Amino acid sequence: MQKVNLSTVSEFVLVDLSDAPEVRFLLFVLFLIVYLATMAGNITILVAIITDTSLHNPMYFFLGNLSLLDMLCPTVTAPKMLDALLLENKVISFTGCALQLFFLIDAVGTEIFLLAVMAYDRYVAICHPLQYMNIVSMELCAHLAIGTWVAGFFNSLLHTSLIFTLSFCDSNEVDQYYCDIPPMLALSCSPTYSRELVILLVAGVLGSSAFVVTLISYIYILLAILRMNSSESRHKAFSTCGSHLTVVCLFYGTTICTYVRPSSTYSPHQDRIVSMLYGILTPLLNPIIYSLRNKEVKCALRRMISWVRTAL
């Protein structure tokens, strides 16, 4: 391994997903297809929300923000990973590594807050339908959306500054295909206990707060649905919330496994699989989940496809 000193570190070396050229090429094709499909799916959802007036309401406003995050998250990691797979260019600069980690944590943190806001939106829609438009006004939606992005920014700024003020003096080889908190902590030769404690505390408080809002919202939603007399109303309510609840379970399950634990339990091979789930697979699945389970989105997509065919 290359011996380096904090004052001379200018780059890191990311791990290669495979040493076999034929396997690397197959992985390149696979991840390129997944990345392009992710971008296409989320762009389609965004265009449908922007162009179809039937989707101009708070629920789809937040869904549009989710699609933006689902494009940002894989864009932070996938291009460098594809470059390493095709051209074997595994080197990333110190600044590039810091920026990669910053935007990744920014996207992850913002999505956690946004999912909590979306849960509150569904709570008001199900439990207070008559007052919904008065409570969840577009002005409130704008403030909540801005709040999630700002909170995600400052949360990421804190985490990034804690990581990149550490010393890296034994090796510059990052045991992951992108720069992330667990492998960077494992790589540092500085004492990391106090910073790990701060990271776990901040992530625990902010993540737990968002999770509690989501959990309480869905407890009230479930109680409201069970009180409904009509099976059609119950089915409609479940259908409205099912997509969001599925996304919440996917996202929280993978991010908790990655970030809410000490670095002593860090397992490079396991973490690569988990990180691919929330960093690559979940952004691909989100537009599919919302388009397949949501009648309004499906109708908007049909109208958009029909319009494109007519225009061509």
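Positions of Cβ are set from backbone N, Cα and C atoms, glycine also.
Summarising the annotation, TrEMBL assigns domain 'G-protein coupled receptors family 1 profile' to 41-290.
Within the chain, the transmembrane segment (25-48) has long-range Cβ neighbours (under 8 A, six or more residues past its boundaries) at 17-18, 55, 63-64, 67-68, 70-71, 74-75, 78, 81-82, 85-86, 280-281, 283-284, 286-288, 290-291, 297, 300-301, 304. As annotated by TrEMBL, transmembrane segment applies to 25-48 (among others).
Residues or ranges marked as transmembrane segment in TrEMBL: 60-78 (among others).
Under the heading transmembrane segment, TrEMBL lists 98-120 (among others).
Taken from TrEMBL, the feature transmembrane segment covers 132-154 (among others). For the transmembrane segment (132-154), the list of distant contacts is 58, 61-62, 65, 106-114, 117, 121, 124-125, 206: same-chain residues at least six beyond its ends, Cβ to Cβ under 8 Å.
Marked as transmembrane segment by TrEMBL: 197-225 (among others).
The transmembrane segment feature in TrEMBL is assigned to 237-261 (among others).
What TrEMBL lists as transmembrane segment is 273-292 (among others).
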- prompt: the domain 'G-protein coupled receptors family 1 profile' (41-290): mean pLDDT?
  reply: 85
- prompt: Cβ under 8 Å to the transmembrane segment (197-225), counting only same-chain residues 6 or more beyond its ends: which ones?
  reply: 109, 112-113, 115-116, 119-120, 122-123, 126-127, 151, 155, 158-159, 162, 181, 234, 237-238, 241, 245, 248, 252, 255-256, 259-260, 262
